[in-house]
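One structure below.
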Amino acid sequence: MKEFDTIAAVATPVGEGGISIIRISGDKSLDIVSSIFKGKNDRTLDDIKPYSMRYGFIIEKESKEMIDEVLVSYMKGPRSFTAEDTLEINCHGGVIPTKKILKELIKSGARLAEPGEFTKRAFLNGRIDLSQAEAVIDIIRSKTDLSMKSALKQAEGTLSKEINSIRNRMIKIIAHIEATVDYPEDDLEEITGQKIKVDLKEIINKIDNLISASEEGKILREGLNTVIVGKPNVGKSSLLNALINENKAIVTEIPGTTRDVIEEYINIDGIPIKIVDTAGIRETEDVVEKIGVEKSKEKIDEADLVIFMLDLSRKIDEEDIEIMDFIKNKKYIVLLNKLDLNKDLNEENHFIKELDSKYIIKTSVKNNSGLNELKECIKNLFFSGEIKSDELIVTNARHQEALIRSRESCIQAIETLSDEISIDLASIDIRNAWKYLGEITGDTLDENIIDKIFSEFCLGK
């Protein structure tokens, strides 16, 4: 079977660096590496102890020429990440030696690993469950310390323990129902129905606790998609540069300088924010600028938050009003910029009165005035209070969806019991709820979906 092949892949980024690591896992991994390894004083790997390293050289089999100087580490299964015999070859960090060593491993009997196949083997061999496997990629992609800590908690199995606890309780309820149906002479159905409703309400409460922070968790995992919009030359690029502390965007007095979107991540108290600077939205005959304006509108549609910038030194016009109308159904913050010019927008203006004053901030991006207030406003809009790194937060949209479906099935079971329909029909809904939660840990998930999840991993992981 393919799952039992010995696999190999480069585990470090391709390119020049201090070292490269080639990982190999499977029953034949030690034999394969031994066949191309030559230690000091012709020492082999035959007597290498588990969880130790050995210095030597990788040799090309046919020519007997040395490819590179290496350190080989050996982890014996099942006490390894994949729960299989695993070796890692540490060679000099360069494209040529790394590729040549990998080529020799494949010529000697290994197969090139698919993306995420090492982590998939850890899952298939029962070393980790699916939620822990997904946490591996979240750790790699984490943008802030807080998002990394959240992923680490999931990798430790904190979410798995909570899910398994709820599923075990569901199984006990199902067993209780089946016992009641199998022994109707005891006439326990009515008593059992009332007890089950109480149990299900407690389960729903636990699921609700997990769902409640999942929107915040999704932001921790993927970043808050924030788009800066406004007419040309209101200070959008200056705001981006101020937030990232770098001159990423070109700033000039010429309207229409930004013709494409610029994206950068910033960290606000552990919250990853993807800031998108867009082309100024206005009517234009310039073909390139017109494309930029259309891209800006697309980014607004995708945004979690819109920062709408107005220029305090100029009067509001039809273009400002059109932009406001375009974003009115989004979460937004209005920045009244260029406060340093000592001119004041007429705040009695009907347009301003329509805006929620809680979301209006006067700023001078040039002088960094109002930026802290902006950051606090972003936090308050999306996060209820301070996020604690020791709390369990559901960060994965797939997990959130499974929790919601499980909750719906529990509610359906309660309705079935309340309608005094035969109690065994409620067990169908409870079993569905149990199955949906199992999708989080991978116990009840379709194999094709599991394959798709691991295909999104990088090679060597």
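Quick reminder: no glycine exception, Cβ is built from N, Cα and C everywhere.
Positions annotated as (6S)-5-formyl-5,6,7,8-tetrahydrofolate binding site by Swiss-Prot: Arg23, Glu88, Arg127, Lys461. In the three-state DSSP scheme, Arg127 ((6S)-5-formyl-5,6,7,8-tetrahydrofolate binding site) is classed as coil. The Cβ of Arg127 ((6S)-5-formyl-5,6,7,8-tetrahydrofolate binding site) lies under 8 Å from the Cβ of Pro78, Phe81, Thr82, Ala83, each of these being in the same chain and 6 or more residues away along the sequence.
Counting every protein chain shown, the Cβ of Asn233 (K(+) binding site) has 20 other Cβ atoms within 10 Å. Annotation source Swiss-Prot lists K(+) binding site at Asn233, Thr252, Ile254, Thr257, citing sequence analysis.
Summarising the annotation, Swiss-Prot assigns GTP binding site to 233-238, 252-258, 277-280. Look at Asn233 (K(+) binding site): DSSP puts it in coil.
The Cβ neighbour count for Ser237 (Mg(2+) binding site), using a 10 Å radius and every protein chain shown, is 23. Annotation source Swiss-Prot lists Mg(2+) binding site at Ser237, Thr258.
Sequence annotations record features per position, and here Swiss-Prot assigns domain 'TrmE-type G' to 223-383. In the predicted model, the domain 'TrmE-type G' (223-383) shows an average pLDDT of 75.
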Binding-site residues compared (Arg23, Lys236) - highest count of Cβ atoms within 10 Å: Lys236
Secondary structure at Arg23 ((6S)-5-formyl-5,6,7,8-tetrahydrofolate binding site), reduced by DSSP to three states: strand
When distances run from the Cα of Arg23 ((6S)-5-formyl-5,6,7,8-tetrahydrofolate binding site) to each of the binding-site residues Asn233, Lys236, Ser237, the nearest one: Ser237
Spatial neighbours of Lys461 ((6S)-5-formyl-5,6,7,8-tetrahydrofolate binding site) that are distant in sequence (at least 6 apart) but have CB under 8 A: Ala11, Pro115, Gly116, Phe118, Thr119, Val136, Ile137, Ile140
Neighbourhood of Glu88 ((6S)-5-formyl-5,6,7,8-tetrahydrofolate binding site), C-beta criterion under 8 angstroms, separation at least six: Ala11, Ile21, Ile22, Arg23, Ile24, Val72, Ser73, Met75
Distance in Å spanning the most remote Cα pair of Arg23, Glu88, Arg127, Lys461, given for (6S)-5-formyl-5,6,7,8-tetrahydrofolate: 19
Lys461 ((6S)-5-formyl-5,6,7,8-tetrahydrofolate binding site): secondary structure state under DSSP, collapsed to three categories: coil
